[in-house]
């Protein structure tokens, strides 16, 4: 309950003010504008209200005292509210809880809890579910009644949630749902990341297989491509000198022909000058002739124009003479019409003056009659107003009398109803006492069933937890196996690609095998395959077999070697590279044993002979003995040395460390590349295939087991949920039983209080009934007196009205006569206006005709003068035309002489042009040859530049470095395909190197009989393109994929663990939300049913009958649906609460609020001007209800109604002795007026 409120600088409370609240009802009274509602605003502000509008301000700093005429503004607002927490309502370990709030002018604020600074969230969490928050039903201020009733169903629900105490659960659920949403979003993002990472991991595993293949191909491409570039540079350098010589020869010949052409052009130019002079003269003559001809045409046209102009002027002169005569006749007629119009105008003006004088005299008479009528009508209106006032008073008194009669009936009904309520209360009290024992027994049974349900749920939950552990272990195992499978599949794919493409095998061998696969005839049908493909080697010894076989692993095995010897002797048989072949018919006796074998086997450290650890294909019996019979596998190099010495140099030893010691004591160390170790690769391929099959079977078994466990786990989850639901139902039953016990106790106390209240209300009703009878008698006497006064006024009005009617008749006759004169006068004035306009028009027309006649005479004179000028100009043009024709004939004779001279000069010019064309043609041929040489040289430069750029881009090497390195693809081709048979490869290489040293640097050395570089180059380019296609076929290759693989796998494992953690967190949050929903649903339904029951009872009590109910919009969605209220006051139909009157709405709100108090009492309730819309009778009911509930809650009432104050146990007055400053006063009931004003002020507290 509230203990005290302390204010300092809050709104109008400038000084420190203390309100102490005692149990029961505390009333705060005062006139309008005194600041009493600021007490409610301060409590809302302390409890965390963040809306400045709700606190009746524009911004939050408006709550700070803003000063007055006699006091400066405050710099801070401070308020604190003290609660008595002896009942433990607030979840804090303190008997007294003090909540405070401060706000500074700077905008800084702070909340205090028992003197300690806390957060707003801490204050709200403390009040959640207690009914003491700002959003609850504990504070009902001005306008909040309509807000509760008229707000939408969803908003109204908030008050019910606070009453049910589930607002804190809803806040927790919202927080859990936000966390669940974040977890779900994180889970979704992480799932996408893990999926992308898994895809990236698989891609990286595939790329790692491609990376090695890419390195081999790019290395081979670099060797061939740089060698070919060096050969191209040497070849271009050797051709460049020949083109330089051709360029110089062509340039010299071109210069000679240019000099000869200049001499010819000089002679032609002289002739051109003569021809130009002749042309100039001809053009001058032609220009003169053109000018003269143009002048003749102009003179002829001018003569024709002047003749036509003369004819037109003659016609115009005749027309103007006729027009002048017509204008003279029209001018005479217009003068006569003007004189007649002036005479009619003077006659009409005189008649209008006479009529206007008569009309004005009659208007004066009509005005006097109207003034008399106005005075008479004013008297009638005044007497009618007095009569209407009397009649209105009669109606008012009759309405008051009817109201009093209704109050008499209501008082009688109320007395009867109170008697019935008292009898019903006594019956219910007996029933409650009988049912109390049964309720206690139900509670004991419900608690026992709850304990059994919890024990059963714990057992099922333990079994599910054990099953969950097994399920997690199996999922982890299955994930690990799937990861291994992905890695092995990627490696298997790489091995298969290498095996299919014969990676690590020479070009010649690959093309040989490809041709053998396509050909079916001899000797190709004798090919069995490669040695590496015909031997089955265990994976653990495969590296040793690779080491022992060396290049023999790539040898081609055939049934018989003789057909192939014959084939290679043919001139058209060509191999793309070096090929080694082994004939099975030359294996000899495979059962033969070496004489030193027994001795070697007895040596310590000898593992065995290499052919004994491998299996050979049925197609190649004896092959293993043939290629590995001399190889022994030993422990270390010391043992290998003993074996070689014992065998007399006939044995070769491979150590377990990967070293090879030949019979001639040549030692080979180091590991082979992955692609070169073809035997190891095929062994790994076979072993990996078998391992993958076993792994697939294990994954299938784990998958089946996992599905079984998931099915069992789902059933256990269902069992746990069922057990939780049973526990929830048991909890609901226990809570319902406890609630029922509480309800029984509260109802018993309530019935006892109702009995006492009913007796008091009966006495008050009888007193009110007697008062109503007295008031009714007084009203009947008043009504008789008012009726007599109204009758007298009616007679006087009748007499005055008769006089007015007589004067009105006289006035209407005079007005009719005036209207006739007004119409006749208007007609005369209209005729006068028409005559004035006609006279003006005649005058304007006469002036226009005179002007037209003058203008016509002027145009006649001008036309005669123009006719004379045109005839003179026509004669002048005829003379000029004859003179010009004579000059044109003279110029035509001169033109014929000039044409003969020009023809002679043109003939000489043609001879010079023929000589010039011949010389120019020969020079063009020389220039074309020079340009061809220049273009070829530029092409060499372009090709070299392009090659330089390409080498820099691909290998970061300059052409000078490549040429200086003495690489040559052409030389390598010759060494591989055209080497002398009698020399070993090593000697050939040495001789080739010596030849290069002694050869000219700009030439490519070739063997006698070998193909030239131009012949070989297409084949080399084809090999480069083939390598590029193979590199391109690999697609995008990540050369760093092998390094990235470990990092990706580590990250994938980490993220997979996080994904599992998020899934567990999501399940936990969903379980929390489910539990919150179950508990909230139970608490809300219990409270809602209780509120509905109490609301129906209180509605009937407040209205003296009728029906009210609270309904859920969607009973299937108890936790989210809206809440609606329907009401039917006595004698009315069931209608929406929005159609109720203001008082009915207020009573409905009071019924709802007190139903909530009855279901779950709030620790306090503040009512701010709630009774403002109630009449006196309803105010008494309102005050009576408040008094009835004081045993449940503490009330603080802000009011200015005297009848409400009668219910208060303590009165506080709030007044403003100084403008703008509120002060708390101690007042007595008699010191307060009917409207809340304090009549006699007491000493300030």
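Backbone N, Cα and C define each Cβ position, glycine as well.
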Next on the checklist: Quick check on the annotations: TrEMBL lists coiled coil for one of 96-130, 131-165, 166-200. Which range is it?
Outcome noted: 166-200
Next on the checklist: At a C-beta cut-off of under 8 Å, are there same-chain residues at least 6 beyond the coiled coil (166-200) that contact it? List them, or none.
Outcome noted: 125, 128-129, 133, 135-136, 158, 1048, 1051-1052, 1055-1056, 1058-1059, 1062-1063, 1065-1066, 1069-1070, 1072-1073, 1076-1077, 1079-1080, 1083-1084, 1119
Checklist outcome for this item: Residues near residue 33 (ATP binding site) by Cβ (under 8 Å) yet at least 6 apart in sequence within the same chain, in sequence order, are 1216
Next on the checklist: If you count other CB atoms within 10 A of each CB, which of 31, 35 wins among these binding-site residues?
Outcome noted: 35
Next on the checklist: Just to be sure I understand, if DSSP states are collapsed into helix, strand and coil, how many residues of the domain 'SMC hinge' (525-644) fall in each?
Outcome noted: 55 helix, 22 strand, 43 coil
Next on the checklist: Counting only residues 6 or more past its boundaries, what in the same chain has a CB within less than 8 Å of a CB in the coiled coil (331-358)?
Outcome noted: 821, 824-825, 828-829, 831-832, 835-836, 838-839, 842-843, 845-846, 849-850, 853
Next on the checklist: Which one is it: of the binding-site residues 32, 34, 37, 38, which Cβ has the fewest other Cβ atoms within 10 Å in this structure?
Outcome noted: 32
Item to check | Under 8 Å by Cβ from residue 36 (ATP binding site), same chain, sequence gap 6 or more | outcome: 28, 29, 30, 1198, 1214, 1222
Item to check | Conformational class of residue 35 (ATP binding site) under the three-state DSSP mapping | outcome: coil
Next on the checklist: With an 8 Å cut-off on Cβ distance to the 31, 32, 33, 34, 35, 36, 37, 38 Cβ center, who else from the chain surrounds the ATP site?
Outcome noted: 30, 1214, 1216, 1222
Next on the checklist: On average, what pLDDT score does this prediction assign to the coiled coil (166-200)?
Outcome noted: 81
